[in-house]
Each structure stands twice: as structure tokens, then as C-alpha cells.
Amino acid sequence: MSGQTTSEYISHHLSFLKTGDGFWNVHIDTLFFSILAAVIFLFVFSRVGKKATTGVPGKMQCLVEIVVEWVNGIVKENFHGPRNVVAPLALTIFCWVFIMNAIDLIPVDFLPQFAGLFGIHYLRAVPTADISATLGMSICVFFLILFYTIKSKGFKGLVKEYTLHPFNHWAFIPVNFILETVTLLAKPISLAFRLFGNMYAGELIFILIAVMYSANMAIAALGIPLHLAWAIFHILVITLQAFIFMMLTVVYLSIAYNKADH
């Protein structure tokens, strides 16, 4: 952080590479690393799928099989309907979010400095620390909730659910509609902000630890064990947040698909 104050250093690391100003702008770094994470996921799983063998599997095949069976077991326990779409969706969500989260383990200065060699002055590499990315994913989940609700109950069932629940009387239709709308909207919003909040906080802590290296020798020496300890703990955080996003998606879709009347 030579030539920068602490506040300038932190502000620089929290600035996006973007086009445009104001609300209507595109975070190029978020898009790039989101797509990169998806490509890594597709490459690894397609490669393992092509080389899958009934004999003694390799380490990567074992890992992929464990993850697939684990996710399929979770979907089987929580989603009581056809799993041909939900199970692959859950697997994709978990692996994709995990890979995006794992980018946070790369030292905070490495990627921005590398990008600086190509004249790129701002770069945030963790897509899930960008609220626009997490909101985008949660909005997709929101539309899937509506789709599975209509698929299982029909459009009339959807209208009935949002007008006659929890109070089954025509006089309470406005109250029911407000309550159910708030409940429905709270699902994608909570999904987005939970993932964003945890990853943003994790990224900020890494940046604050990096600031310690520019202080005196005693504080800089303290930063090394702190960095290592937080990185180890953060492995749990990135895995847990990927699991929570996947799990809540499956649960929300299961509730939407439930054919039983309330």
C-alpha cells in the first residue's frame, strides 16, 4: 500500500471495476469471476464424468462422487417431488457459490496487483461479496419458487394461497395478501443479504489484516498468525455459506411444491 493512506487502501480494495455510473452500471470484475467460477465447476465435473470408471476411482472422482451423493441425499430428504431438476440445481448452487467464496482465500493484493500490470486499477475478485451478484442469484430462486408453486397448485391455487392464508375468510384478503407478499419477498432478500454480509465481512477482515503489514515490525509480525488463523476459519465460513444458500433454496422449493393445503 505504498503511497496510500489506510483509508485509501481500504477504499481501493472495495472499489469495483465497472462501466457507467450510478445505479445502472455493470461490475465487470463480478461478472468475470462469476463466469470463471462456473467454467471451473463445469470443467471439473465434465472431465470427471467423461473419465468416470467402475474400477478404482481417482481422488478427484472420489471427491466429486462424495459431493454429488451428499447433495442428492439432502435433496431427497427435503424435496418431496421429482428431483430431476432440483438435485442438479442444488449441486450447481453449492459448487458454484463455494468456488466464488473460495476466491476470498487468495491474498487480497495478489489479483489487484496482477490486474494492475494490464492497466486495470480497480478489481474485486469475490463475486459473492457483491450484493448485485447475490441478489441476482436469489431473484432466480424467487422465480423458481413461483414456478413450482404454480406447477403444483395451479394459478388458482397460487391466488388462493396468497389471499386466503393464514386467515381463511374473504374479509381478510387484503391482510393475507400483505402478509404472504412480505413472507415471499423476505426469502430471496434474506438469501442475498446473508451470503453477501458474511462474504463482505470476511473480505474486509482480510483487508484489515493486510493493513497491519504496513505498520511497525511488531504489528506486522502479529498479522501473519492472524492471517493464517482467519484463513483457516474462513474455509468453514465459505463452505457453510454455500451450504446454507443451497439448503434454503431446496427448502423454499419444497414448500412451494407441497401439494397439501395449508
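Note: Cβ is positioned from N, Cα and C throughout, glycine not excepted.
The transmembrane segment annotation in Swiss-Prot covers 26-46, 86-106, 130-150, 204-226, 240-260, and the record cites sequence analysis as its basis.
Within the same chain, residues 1, 6, 9-10, 13-14, 104, 107-109, 234 sit at least 6 positions outside the transmembrane segment (204-226) and bring their C-beta atoms closer than 8 Å to a C-beta of that stretch. If you count C-beta pairs under 8 angstroms between the transmembrane segment (240-260) and each of 26-46, 86-106, 130-150, the highest count goes to 86-106. Using a Cβ-Cβ cut-off under 8 Å and counting only residues 6 or more beyond its ends in the same chain, the transmembrane segment (130-150) has close neighbours at 16, 27, 30, 34, 81, 89, 93, 97, 100, 124, 157-158, 161, 184-185, 187-189, 191-193, 195-196, 245, 249, 252-253, 256-257. Through the fold, the transmembrane segment (86-106) approaches residues 33-34, 37-38, 40-41, 45, 67-68, 71-72, 74-76, 79, 125-129, 133, 137, 144, 195, 199, 202-203, 206, 231, 234-235, 237-239, 241-243, 245-246, 249-250, 253 of its own chain, all at least 6 residues removed from its boundaries and within a Cβ separation under 8 Å.
Residues 16-20, 60, 64, 92, 95-96, 99-100, 103, 122-127, 130, 132-133 of the same chain, all 6+ positions outside the transmembrane segment (26-46), place their C-beta atoms under 8 angstroms from a C-beta of that stretch.
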